[in-house]
Amino acid sequence: MKHLLSIADLSRDEIISLLDEADRFKEVLEGREVKKLPTLRGRTIFTLFYENSTRTRSSFETAGKWMSADVINISASSSSVKKGESLKDTGLTLSAIGADAIIMRHPSSGAAQQLAGYVAPGGVGPSVINAGDGSHQHPTQALLDALTLRQRLGGIEGRKIVIVGDILHSRVVRSNVDLLSTLGAEVILVAPPTLLPYGVENWPVRTSYDMDAEIRDADAVMMLRVQQERMQGGFFPSHREYATLYGMSKAREASLKDSAIIMHPGPMLRGMEINFGVADAPRTAVLQQVSNGVHVRMAVLFALVAGSDATI
């Protein structure tokens, strides 16, 4: 595996291998006062973010540093991108400096694929990891969600996973649909008609407008943020009406079966798609998702950068 651009690029065995590797990293680091491994010593990793990020960026940086890599952060707002430099020239510059991997977030779908073509023609050059490209893909988020589901539910195959919210603009849901269906889960997407994408009937999912009917027997409910920054308005009448129909209220949380968990990729809009108290409930796995993100990203960096003869 040279790059990680999309969940669709991974086989079922590769997905399971990455999840197993993430579990191994968690086990090795657990209880250590100094969380440091020599695995990527001497390697140089760049994070290149054209959009804001808290969890993904800091998680990748932590993963690299815990593996002793040199991690260099670049924000588009403070780089030559502000002067009009193209994605191609930015990527080639980082490659010339000596990047072993470039982790990129970009507002345009397909940008990660473009960057990989620029910096590693013929497979020679730095690895590219897609940290989110437009509404297209966010593969490491889907991997950390799968790891969380596996840990909390004991497995994914045959489980009913309900994803609620802004399906239209979500790269997270597209990656999760690919991954969860590959691992044998039943995936149901719940949203108002205006927030379901064209062609969703061809996805390996079932769709519904009725949140209450779908969540009662769900094993996990994943809430999505309404991405207002990608909207011009008119997708739903008001925030209050949206929260009433598609928010995880205390009453809805109480209607879930005892073993069900609630997830959210973040950032959460408390009071809109999830109630303030529910966000902190014991069955809510948000912080476990964040913690798992570091171990999943360690596993991805290990697979792409460490080399075939490397050991943890």
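Here the Cβ of each residue, glycine as well, is placed from N, Cα and C on the backbone.
For the carbamoyl phosphate site, Swiss-Prot lists Arg55, Thr56, His138, Gln141, Gly266, Pro267; matching the candidates Arg24, Arg32, Arg105, Arg240 against that entry yields Arg105. Among the binding-site residues Lys83, Arg171, Arg225, the residue whose Cα lies closest in space to that of Thr56 (carbamoyl phosphate binding site) is Arg171. In the structure shown, across all protein chains, Gly266 is the one of the binding-site residues Gly266, Pro267 with the greatest number of other Cβ atoms within 10 Å. Here the binding-site residues are Arg55, Lys83, His138, Arg171, Arg225, and the one with the most other Cβ atoms within 10 Å of its Cβ is His138.
Arg225 (L-aspartate binding site) is 7 Å away from Pro267 (carbamoyl phosphate binding site) when you measure Cα to Cα. In this view, Arg105 (carbamoyl phosphate binding site) is surrounded by 25 other Cβ atoms within 10 Å of its Cβ, with every protein chain counted.
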